[in-house]
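Novice: Swiss-Prot feature annotations, pasted as is:
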type	residues	note
ACT_SITE	Asp49	active site
ACT_SITE	Glu121	active site
BINDING	Glu45, Asp118, Glu121	Mg(2+) binding site
DOMAIN	7-132	domain 'RNase III'
DOMAIN	157-226	domain 'DRBM'
Amino acid sequence: MKPARELTAFMDRLGYVFEDPALLARALTHSSLSSPTRGDNQRLEFLGDRVLGLVMAEAVLAADTDAKEGTLAPRFNALVRKEACADVARQIDLGAAMRLGKSEMSAGGRRRMALLGDAMEAVIAAVYLDGGFASARDLVLRLWSERVQSVEEDARDAKTALQEWAQARGMAPPTYTEVARSGPDHAPVFRVRVTLSSGENAEAQAKAKRQAEQQAAKDLLAQLAGE
């Protein structure tokens, strides 16, 4: 088990104090370190995914009471996808608290998007089991607040607009490529390039990959409008 001080430090970053710290320890334990006497976070990940989904479904419904299902679904998906969970995990430096086996440690597991996203969902489940749905809901809404606002502001976002522009001209959908990543593991900066099948492209950078993609799409739309 992680030393108590390390769990306490992570609870400070998380903004939630566990009545049962063993739940948090389990949520932070990857299967590469599990054993018959020490479980991993896979079952908690399964539960946390459902808790996150319910909270986000409520959030997108509350944010736009007139929106139809067809417009709500993309917003919901943007909030619950693994990349979003991993971004939140990086913000609270969850990677530093993860308990990994030697193989995952040497493979850079603390930085891997899939592992971070899974662990974030497991932590949500641990909070749910420790303090109930209200505690889990408060945690998720606090950690996802900027994303919820951003998704609502970008209900018809630049990526969608660029894709529609391309489709209207019989072109393939735009492609997005991560061309660079800098900064510390817990606060990376992503640089992304968007490219049309006709060759036009633009690059942008941001602290979240989705934001970089949005900005690149916005810049390319502006470039196309000026032609």
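Every residue gets a Cβ built from N, Cα and C, even glycine.
If you look at the structure here, what lies around each of the features I listed?
Specialist: Annotation for Asp49 (active site): spatial neighbours Val80, Glu121, criterion Cβ-Cβ under 8 Å with sequence separation of six or more.
Counting every protein chain shown, 26 other Cβ atoms lie within 10 Å of the Cβ of Glu121 (active site).
This prediction places the mean pLDDT of the domain 'DRBM' (157-226) at 90.
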Novice: Take the mean position of the Cβ atoms of Glu45, Asp118, Glu121, the recorded Mg(2+) site. Which other residues of that chain put their Cβ within 8 Å of it?
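Specialist: Other same-chain residues with Cβ inside the cutoff are Asn41, Gln42, Leu44, Phe46, Gly48, Asp49, Cys85, Gly117, Ala119, Met120, Ala122, Ala125.
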Novice: DSSP-wise, what's the residue breakdown of the domain 'DRBM' (157-226) into helix, strand and coil?
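Specialist: Secondary-structure composition of the domain 'DRBM' (157-226): 28 helix, 21 strand, 21 coil.
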Novice: What number of additional C-beta atoms lies within 10 angstroms of the C-beta atom of Glu45 (Mg(2+) binding site)?
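Specialist: Around Glu45 (Mg(2+) binding site), other Cβ atoms within 10 Å: 20.
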